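Here is what TrEMBL says about this protein:
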- 47-70: transmembrane segment (TRANSMEM)
- 82-105: transmembrane segment (TRANSMEM)
- 112-134: transmembrane segment (TRANSMEM)
- 140-163: transmembrane segment (TRANSMEM)
- 175-195: transmembrane segment (TRANSMEM)
- 207-229: transmembrane segment (TRANSMEM)
- 241-260: transmembrane segment (TRANSMEM)
- 306-326: transmembrane segment (TRANSMEM)
- 336-350: compositional bias 'Basic and acidic residues' (COMPBIAS)
- 336-362: region 'Disordered' (REGION)
Amino acid sequence: MQTNFLSQQFNAGFLAENSTACPANATICDGTSCVLPEDNFNQTLSVVLSTVLTIMLALVMFSMGCNVQLKNFLAHMKRPWGIFVGFLCQFGIMPLTAFLLSLAFNILPIQAVVVMIMGCCPGGTASNVIAYWVDGDMDLSISMTTCSTLLAMGMMPLCLFIYTKMWTDSDAIVLPYDSIGISLVALVIPVSFGIFVNHKWPNKAKIILKVGSIVGAVLIVLIAVVGGILYKGSWIISPKLWIIGTIFPAAGYTLGFLLARVAGLSWHRCRTVSLETGMQNTQLCSTIVQLSFTPEQLELMFTFPLIYSIFQLLFALLILGGYRLYRRHRVKTKTDVEKTEQKEDSKSDVKINGGFVPDEMK
């Protein structure tokens, strides 16, 4: 009798223990296992992220268009040697460098694909800001960014098709050319509209440009935070990706500068081409990756655009700091010399003429 009582007490305790183990939203609970309804939180968050990314990227590209002066852009198109050199750097050097780095470090195929996507992306808008601070050719910088964005519609799918064949031939990875194409074509509309706004209302375009630069910075942070929630596994980053993310932008800056110098461009244009080559549109890369691949694939590749973004900015700031130091301590420009001579001449004239200053000196 006592044995039966203990057995019933044990069974009751066992069932009670298992019933508390089953969540309240369980659809089936038989005491040993539970069936839960599908959690759609990540799926919903992913859709929201994709929508927000697309809208913010369109605003960034619209603001980039607002930085383009149609007259200067057309002038560069009539004498396109600088733009042609930039084209060779953007869609020649960068994809080839991405391919060689992927082979050298023997990374996973899906990781090689995201490195290639980054290498095939057009130039980023941040290069225009840095080019200004290193006394680059601003018209060339903006024209290169605009042209590379427009040409990316054809060149990006072509480069990906050529360089990723060894990873996609096995059918393990299928590149979503339709999604990439739609993303690129969609960029033409805000860029074109931005050029039109700058042509008609230049003062308003300056305000839009400032807002767009802020949105671009917010976009990078948003991708990092929300992506970290969605793809937790992506933060366990392979050391190889960190190394590639460090070497890749540095190689872009260096090779872009060397090719521009070999092509006979002036020093300030060499600096411009260098920045345009190394600074990729990481927002575009992140958006394409987010919209084009499955969550399982994103776990392995999502963080690379963020790594590249960090190091491209870090190296750009080092270039900027080095140039400003060089200019301050080593370079005395011809203009500075002429201004000094004019001041000294005007002072001597004043002393000789008893304080009289000629009309042309006023």
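Cβ atoms here come from the backbone N, Cα and C positions, even for glycine.
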Taking the transmembrane segment (241-260) as the reference, which of 47-70, 82-105, 140-163 gives the largest number of Cβ pairs under 8 angstroms?
82-105
Using Cβ atoms and a strict cutoff of less than 8 Å, what residues sit near the transmembrane segment (82-105) while being 6 or more residues removed from its termini?
76, 111-112, 115-116, 118-120, 122-123, 137, 140, 143-144, 147-148, 151, 155, 159, 162-163, 240, 243-244, 247-248, 251-252, 255-256, 259-260, 263, 265, 269, 272-273, 276-277, 280
What else in the chain is close to the transmembrane segment (140-163), if you only count residues 6 or more beyond its ends and a Cβ gap under 8 Å?
61, 64-65, 67-69, 72-73, 76-77, 82-83, 86-87, 90-91, 95-96, 98-99, 116-117, 119-125, 127-128, 131-132, 175, 177, 180-181, 184-185, 187-188, 191, 195, 269, 272-273, 275-276, 281
